[in-house]
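Beneath this line is the structure, given in structure tokens, with notes to follow.
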Amino acid sequence: ATCDLLSGTGIKHSACAAHCLLRGNRGGYCNGRAICVCRN
């Protein structure tokens, strides 16, 4: 979700990572389909 909302290369990945950190994950990244994928 966070990947579609923000345009720009680094910003959306940071928002995705922050979203995942808040959920207790180690971070996350945006895949090729603009989906935020959290790391375990």
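Keep in mind that glycine also has a Cβ here, set from the backbone N, Cα and C atoms.
Under the heading disulfide bond, Swiss-Prot lists Cys3-Cys30 (among others), citing experimental evidence as support. In the shown protein chains, 19 other C-beta atoms lie within 10 A of the C-beta of Cys30 (disulfide bond). Reduced to three states, the DSSP call for Cys30 (disulfide bond) is strand.
Sequence annotations record features per position, and here Swiss-Prot assigns disulfide bond to Cys16-Cys36 (among others). According to its DSSP assignment, Cys16 (disulfide bond) is helical.
Sequence-distant neighbours of Cys38 (disulfide bond) (same chain, 6+ residues apart, CB-CB distance under 8 A): His19, Cys20, Arg23, Asn25, Gly27, Gly28. Under the DSSP three-state reduction, Cys38 (disulfide bond) is assigned to strand. As annotated by Swiss-Prot, disulfide bond applies to Cys20-Cys38 (among others), with the evidence given as experimental evidence.
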Checklist entry - For Cys3 (disulfide bond), what is the secondary structure by DSSP, using just helix, strand and coil? => result helix
